[in-house]
Amino acid sequence: MSDRSLSELGEQGLLPLLQAFCPAEQRGDDAAILTPPAGQQLVVSSDVLVEGIHFSEATTPPAAIGWRAAAANLSDLAAMGATPAGITLALALPSDRRLSWLQQIYQGLDRCLKQYDCPLIGGDLSRSPTATLAVTALGWVNPNRVIRRSTAQVGDWIMATGTHGLSRLGLGHLLGEWTLAEPLRDQAIAAHQAPKPRLDVVPLLARSQPAGTVWRVAGMDSSDGLADAVLQICRASQVGAVIEALPLPATTSFDRDRLIQAALYGGEDFELVLCLSPDWAQALLELLGEQAQVIGQITEKPVVQLRLSDRTEILSLDRGFQHFTTH
């Protein structure tokens, strides 16, 4: 089929092409049917990606838009301790957008979903002057093993998986804000365009739980930055924190101050930030190895303080990205 515009194909011409990405048993009806595993509860997460706000041609090829749309929502499931059950994708697009662009969106989405064993189970199409993707992810969770933001306690260790700041470095390189050298450049661009939701950590939490203890894991993902994650957990749990280490990219070729700001406030790293009792945290570290580190501790005073060898500062939500603000 030639690379026609969406207006030339029309909705009825598009639907069979897009339904091919869904399992056969989920095609053709008005809604999807899911059967919950015994003893599991449903977890639902929604996300919207708007062209010019969340992605642009300069930084994100269509396949990467699809991958990121899936990854962001799968990361929310991981942050709740859930496993994926399915995803829906609704799109509103300009009528002159090309079919190849839309197909690449679905191909990127499909690659991500297959990697994490999650089916595409539905969606919708509409016309709009601005390209917009609305994703809903559904997952299953054992109600006795939910991760909450509100359960951190004084004395908990704060753990962060992976590296923070890479996505922001990649975005800055693509926007021309700075030039990264190899191998950091490829690592940073990959982190921005193809983030990896940490669903692998969810089963390890159960495996590392100390015998005879009650399930209590506080956490969330770091989609809006490491500082935001710690601050949101502390706000919900009515506690504070001291951060004494940061999981920065391993490089000596980039300014340290920028690395720190990227890790704290850059966002879109889609790692997990978890608060656990010290013995539980230590057991999880032994399973994750270099994929995680302890970055601080929960304190009673409701302030989040960064305390590194070369700086001390109070962290604030005002420094990170927020919709409807001008900074």
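In case you wondered, yes, glycine gets a Cβ from its N, Cα and C as well.
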(request) Report the candidate from ASP76, ASP257, ASP279 that shares the Mg(2+) 3 site with ASP30, ASP221, as recorded in Swiss-Prot. (result) ASP76
(request) For ASP124 (Mg(2+) 1 binding site), just count the other CB atoms lying within 10 A of its CB, please. (result) 10
